[in-house]
Amino acid sequence: MGRRLLGLTLTLTLAEARRCSLRWSSSSSSSSSSSSSSTAFDRLEPRSFSICAHIDHGKSTLADRILELTGTIPRDAANKQVLDTLKVERDRGITVKSQAVSMRYTDTASRKQYLLNLIDTPGHVDFAWEVSRSLAACQVALFVIDATQGVQAQSISVFRIATSLNLHIIPILNKIDMPAADVDRCKAQLRNLLGIDLDKHPPICISAKTGLGVDQVLHAIVTRTQPVSGAQHGETAERDGPGFRALVFDSWFDHFRGVVALVSVKDGAVRKGDKIASSFTGKKYEVIDLSINNPLPTKVPILRKGQVGMIVANMKNIEDAEIGDTFHLAGESVQPLEAFEATTPMVFAGIFPIDSTEWPKLEDSLRRLTLNDRSITLSRDSSLALGQGARLGFLGTLHLSVFRQRLEDEFGQRIIVTAPSVPYRVQYADGSDQIISNPVEFPDVSSNNAAGGGTGKKKKVVGVEEPIVRGVLACPHEYVGAMMELCAEHRGTQLSTTVAEFTSSTSTSSLSSSSRTGSGIDAPVMLEMTYTLPLGEIATTFFDSLKSRSKGYATFSYSPSGYARADIVKLSLLVAGAPVDALDICLERSKAVREGRAWVKKLRDVVPRQQFEVAVQATVGGKIVARETVAAYRKDVTAGLYGGHYDRKLKHLKKQKAGKARLKEVGLGRVSVPHEKFVQLLDTRSGER
């Protein structure tokens, strides 16, 4: 490890830096450099900023150019997505996990040096919680817009998060070197669609790929924002020592040093050896180590107000550094910083090992991975068909897909993931209600309307409510018809349609008022449609259909919008009369027959043939809505007969029939589906249900 560490270059990625930081203090060269670096960091005026944008608008590429321009990493053509350190991020070309790195920057105009803390953020709606907690640690938000695409649905979402946190917004128009770039159009969208005053916040035109204009971005960060009060150059540690408060916005477990907390210091300062306390738990810890990513972990003797760094204390459990917690000096009474809003899982799925004997290893892997992503909920689960497993809650289907890939890539796990489901609220006659996220536990809402309420007694079901989301769909006008048809297929209700942009002049008005003639306004170019949709309808193939029907031009962003009454039933599958609980589905009643027929056809193809016919059935409330039959093996028992009366053949046929009946009676409910076939059936990545 020591030899490898000495050979590291500054192009080392942040994830590798974390792993190598376990023993970096053992290197004498690292120790000497960290001493001088820490002194330099202590004298620099800090600025914390984040890069936020829609997917593929150039966040990670801009981060690469900023790191190169400040000399944090050498200029190299291989520098692509340096802060995207996970394999899943590089495979998919998206940012999943927020990353933080500090850098020195010398302003070319004033020749003054600054300490810039960069926090890269994801762009997909499923990782909005990552965005919000990262922005909470910043002063400035670089709002990046692709000049060839303009403002998209997720652009609006992240802009609202940034403005709700009172961050200073710096608009960035990226990809201006592309032939399809339309700067005037993007400026008009910023003004009319988002309400940005372009006189106070003039956008900066750049090309993150070539580095054009990136120096203007850094200059704007230090000149358009005021320095953090109490953290100006030359202020002594004694003045900012008392009243230390730091926001924990990330944490992870290190096998050598224990829990590492990534914090943004909001007030005061903390030194190595200080006693700190948690506002959540009240527990006290001694600070063992302080460091700043640059991009390698660099030791510092003190973390001051405005700086972002890592604190290692004598914390043994990851729960000791809960995200959103406020660290302060032990013995001091301080007002805790505003914590992050608790996340509510939107999509649930069961995860089981392919080999049931591997469950202990999978359980440990799940625990370790969920500790690094607090937005995931975890509980034990079991299935008659799949054995021991876990039930996890995610913020969306992409969140689930990324988690699955990380389990496979980082822990080498071979798993089965059940079809995603959403939490339903079941209302009982006695006035109580229950949130049910596992289809196996969903009550039978048949004519008897009775279900177990968790007390062993039957309780009458009077209604079921499903989660609803409020979504904003943005698309060019030529795809409006296809998008409206798609939302109608998924039981969407249209609330409004807004014309975001016109061909000859840009304006924002309702569609109903845009049908004027002779006003000089041509056909609308970009429209925004607001819908309410059931979450269960967009939890499977909605996004794939959205991209295919709009040829990739439409974008969709959504947020929770409560619950609404719906006619939800449980579709159960039976093989030879025995339920297959792992394939239970909750869905709207009108779709039960169609889905049932599709599932029994799939299941028929994987059930092995027997000496008797095997019925594959789909049921709703005890009523069979679809059926397929697996034909029995056939043997011609009359082949050996060389003559005689027909009664001889009939006798053999009746004997065969009686034997098959006995086999069917003995084998009823004992027909098993091969385990590898379950993997094929439950592979949610293979396509539609």
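Positions of Cβ are set from backbone N, Cα and C atoms, glycine also.
If you look up TrEMBL, you'll see 53-60, 120-124, 174-177 marked as GTP binding site. Marked as domain 'Tr-type G' by TrEMBL: 44-229. The signal peptide feature in TrEMBL is assigned to 1-17.
Following the DSSP three-state reduction, the secondary structure of Lys59 (GTP binding site) is helix. Summarised as a single figure, the pLDDT of the domain 'Tr-type G' (44-229) averages 83. Here the binding-site residues are Ala53, Ile176, and the one whose Cβ sees the fewest other Cβ atoms within 10 Å is Ile176.
For Asp56 (GTP binding site), the number of other Cβ atoms no farther than 10 Å from its own Cβ, over all displayed protein chains, is 14. DSSP assigns Thr121 (GTP binding site) to coil in the three-state reduction, outside any helix or strand.
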